[in-house]
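K.L.:
Next up is a structure, given as structure tokens.
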Amino acid sequence: MVNDFNEKNGIKKRLLDFFPVVLEGIREILESMQYFPEETEKLLYSIKRNTLGGKNNRGLAVLQSLTSLINRELEEAEFRDAALLGWLIEILQGCFLMADDIMDQSIKRRGLDCWYLVVGVRRAINESQLLEACIPLLIRKYFRNMPYYVDLLDTFREVTFLTELGQQEDLLSSRDGEASLRSFDLMKYDFIITYKTSFYSFYLPIKCALLLSRNSNQKAYDTTIKLSKLLGYYFQVQDDYLDCFGDYTVLGKVGMDIQDNKCTWLVCYAEKFASADQLNLLRAHYGKAGSENIAVIKQLYHELQIPELYHKFEDDMVDSISKEIDLIDESTGLKKCIFTKFFQLIYKRSR
């Protein structure tokens with residue numbers, strides 16, 4: 001059996017080597033519109049800067065999932081189609097992150113200054129929209145003659161809407177003031193992470209692979225949604241924990257959730273278990289800028305044993321996800337190994 005680490009890195013190199021093809025496709029679209037050459041280069045640089053630099057897990061997932069579904073190595077045309085869709089998901093991720101950094105007033109992303117700090121808020125907003133808008137044009141350019149073309153367009157549009165709906169609720173729930181803290185609860189949190197994270201991070205790559213493999217089994221799609229929600233929940237709670245207790249040098253970004261008044265797993269449970277005095281402390285310091293406020297909240301989390309609760313949660317989620325993977329009906333064409341690989345990527349991660 002091929003070593004998973006070497007296999008992943010070999011595929012990753014091929015995926016990265018393919019990215020210029022995607023950029024060239026965008027260039028051809030812009031040239032057909034007679035867009036100005038100098039501005040074309042600026043936009044292509046923005047796309048490159050805001051798409052590259054991550055772990056590429058979503059793009060890799062399309063390639064690895066398709067390989068598992070057809071149970072053989074990908075032919076060149078199959079690799080090309082899967083790599084294209086993988087990069088479209090990475091571009092979608094890039095546009096979400098650009099907007100997210102503006103809304104959260106973040107400083108660093110993937111170890112670099114956030115794009116809005118480089119080019120200004122107005123240009124960064126418009127370029128995030130351009131990243132999103134180029135996706136259906138690239139799908140039309142490369143897949144318009146395929147039988148799954150409409151399904152592909154529909155899937156990207158739906159997932160984009162669901163993700164932005166989750167982002168909207170995340171934004172509204174983190175509005176300034178004590179009232180927002182009182183509105184934090186696990187039901188609201190579940191909604192945010194289901195729509196903000198699960199669909200584009202887990203469901204979309206696998207759905208793309210299912211479409212490429214010509215699998216139209218509804219049960220396979222339903223199972224994919226169910227497991228994607230579980231994986232997304234686990235992934236986002238990890239994100240919340242790492243934002244507070246992770247190592248910046250490993251994460252490549254500065255944690256902002258406490259001062260940004262975010263509805264996180266940590267604050268939901270802190271509210272649930274806090275005494276009256278602790279709740280007053282939480283309301284006095286949560287959502288406030290300044291290292292002293294952040295230190296108070298982190299100390300409160302320790303007093304409430306939130307880190308210990310997180311580690312128990314992680315163990316329970318590992319057990320639940322493992323059991324759900326074992327229940328997958330492979331007669332639908334879906335493969336257990338697809339979700340196992342996803343699970344291995346995020347299992348007790350540190351970034």
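Cβ from N, Cα, C; glycine included.
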K.L.:
What does Swiss-Prot list, out of Gln93, Gln129, as binding the same isopentenyl diphosphate as Lys55, Arg58, Arg110?
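P.N.:
Record check against Swiss-Prot: isopentenyl diphosphate site with Lys55, Arg58, Arg110, extra candidate from Gln93, Gln129 is Gln93.
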K.L.:
Same chain only, sequence gap of 6 or more: which residues have a CB within under 8 Å of the CB of Lys262 (dimethylallyl diphosphate binding site)?
P.N.:
Asp170, Ser173, Ser174, Asp240, Met256
K.L.:
Quick check: with Lys55, Arg58, Gln93, Arg110 left out, which same-chain residues have Cβ atoms within 8 Å of the centroid of the isopentenyl diphosphate site Cβ atoms?
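P.N.:
Other same-chain residues with Cβ inside the cutoff are Gly53, Gly54, Asn56, Asn57, Gly59, Glu90, Gly94.
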K.L.:
Count the other Cβ atoms sitting within 10 Å of the Cβ of Asp100 (Mg(2+) 1 binding site), across every protein chain shown.
P.N.:
17
K.L.:
Please report how many Å separate the Cα atom of Lys55 (isopentenyl diphosphate binding site) from that of Thr197 (dimethylallyl diphosphate binding site), as a whole number.
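P.N.:
If we compare the Cα positions of Lys55 (isopentenyl diphosphate binding site) and Thr197 (dimethylallyl diphosphate binding site), the gap is 16 Å.
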K.L.:
Which ones in the same chain are close to Lys196 (dimethylallyl diphosphate binding site), with CB under 8 Å and 6+ residues apart in sequence?
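P.N.:
Lys196 (dimethylallyl diphosphate binding site) has long-range Cβ partners Thr163, Gly166, Gln167, Glu169, Asp170, Gln236.
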K.L.:
Around Gln93 (isopentenyl diphosphate binding site), which residues of its chain at least 6 apart sit with Cβ under 8 Å of its Cβ?
P.N.:
Thr51, Gly54, Arg58, Tyr200
